[in-house]
Amino acid sequence: MMSCAPNASHSPVFLLLGFSRASISHTLLFFLFLAIYLTTILGNVTLVLLISWDSRLHSSMYYLLRGLSVIDMGLSTVTLPQLLAHLVSDYPTIPAARCLAQFFFFYAFGVTDTLVIAVMALDRYVAICDPLHYALVMNHQRCACLLALSWMVSVLHTMLHVGLVLPLCWTGDAGGNVNLPHFFCDHRPLLRASCSDIHSNELAIFFEGGFLMLGPCALIVLSYVRIGVTILRLPSAAGRRRAVSTCGSHLTMVGFLYGTIIWVYFQPPSQNSQYQDMVASVMYTAITPLANPFVYSLRNKDVKGALCRLLEWGKVDP
């Protein structure tokens, strides 16, 4: 590990100043994010229970959706409870060990989220373009393997970037704290605040991170191009509408997730980039996990039917 300058440290205390200059009252922000977090957990837990309980939802698509709901709960839990605590604190600090732990779990859940979204695009491709072999190709064992592979790739990717962050040094203020203009320990704010050479970190983000981002994007685009061609060839308008409806929820979540990630990592630097990064981070740490269960339940007859059966006590199939 490289040595730091006399006034720098590998393990400082970080001062998270993301909402310190917000024009909105911290009390109002606290109740807003508390409502978002509780609704996220309630919505995703309900979706997980519905898929686990109702036999009509025991298909591969819902198996993957259940995995996505668990990931979304993890992604929110990594960031929002700490944000709530900091909104009622006059001194929102986090020690280096907790900061790096948050960075690790945020990256792991976030990258797995993008990979599972890509796997769901593959699932929709097989369901629409090769429906006769769908049950054979996308069986539960294969879905479990794809979910496990997504987690393995995500953890290896995260370990690489955490390993590159560990040797960095940060210079604190007079009180020994390092100011981060963010509400959690995200990658770019940590690199911006470091006084070390971050060239290797930037190369890893550009090449390895770019490949990991472009791979799922390419799979999603190719899957939906092929799906679009197949839908256009369907003879009946009703069949085309049904095919489009099965993809609508997934495309909505792709837009939420990948849109915010591209906003953060693929726009040129500007004077407002730190503020824009924080707004986008709120989108994919709070809004996307919140939207997931509602998008899939409001647009999906099977999920709405399962919810109605759940509310009619004792009528849900085991």
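Cβ coordinates are placed from backbone N, Cα and C, and glycine is handled just like the others.
Summarising the annotation, TrEMBL assigns domain 'G-protein coupled receptors family 1 profile' to 43-296.
If you look up TrEMBL, you'll see 28-51 (among others) marked as transmembrane segment. Here the transmembrane segment (28-51) has long-range neighbours at 19, 22, 57-58, 62-63, 65-66, 69-70, 72-73, 76-77, 80-81, 83-84, 87-88, 286-287, 289-290, 292-294, 296-297, 303, 306-307, 310, meaning same-chain residues at least 6 beyond its ends whose C-beta is under 8 angstroms from one of its own.
Residues or ranges marked as transmembrane segment in TrEMBL: 63-84 (among others). Within the chain carrying the transmembrane segment (63-84), a Cβ under 8 angstroms from the stretch's Cβ atoms is held by residues 18-19, 30, 33-34, 36-37, 40-41, 44-45, 47-48, 51-52, 94, 102, 105-106, 109-110, 112-113, 116-117, 119-120, 123, 140, 143-144, 146-147, 183-184, 284-286, 288-290, 292-293, 296, all 6 or more beyond its ends.
If you look up TrEMBL, you'll see 104-122 (among others) marked as transmembrane segment. Residues 61, 64-65, 67-68, 71-72, 74-75, 78-79, 143, 146-147, 150-151, 153-155, 157-159, 161-162, 184-187, 212-213, 215-217, 219-220, 223-224, 250, 253-254, 257-258, 261, 284-285, 288 of the same chain lie 6+ residues outside the transmembrane segment (104-122) yet bring a C-beta within less than 8 angstroms of a C-beta in it.
The transmembrane segment feature in TrEMBL is assigned to 143-166 (among others). Away from its own ends, the transmembrane segment (143-166) comes close to residues 1, 10, 60, 63-64, 67, 100, 103-104, 107-109, 111-112, 115-116, 119, 122-123, 187, 190-191, 200-201, 204-205, 208-209, 212 of its chain (Cβ-Cβ under 8 Å, at least six residues beyond either end).
For 211-232 (among others), the entry in TrEMBL reads transmembrane segment.
Per TrEMBL, the feature transmembrane segment maps to 244-266 (among others).
Per TrEMBL, the feature transmembrane segment maps to 278-296 (among others). Long-range neighbours of the transmembrane segment (278-296) within the same chain, counting only residues 6 or more positions beyond its ends whose Cβ lies under 8 Å from a Cβ of the stretch, are 18, 33, 36-37, 39-40, 43-44, 46-47, 65, 68-69, 72-73, 75-76, 78-80, 106, 110, 113, 181-184, 186, 249, 252-253, 256-257, 260-261, 263-264, 303.
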Cβ under 8 Å to the transmembrane segment (211-232), counting only same-chain residues 6 or more beyond its ends: which ones? 111, 114-115, 117-118, 121-122, 124-125, 128-129, 153, 157, 240, 243-244, 247, 251, 254, 258, 261, 265
Mean pLDDT over the domain 'G-protein coupled receptors family 1 profile' (43-296): what is the value? 85
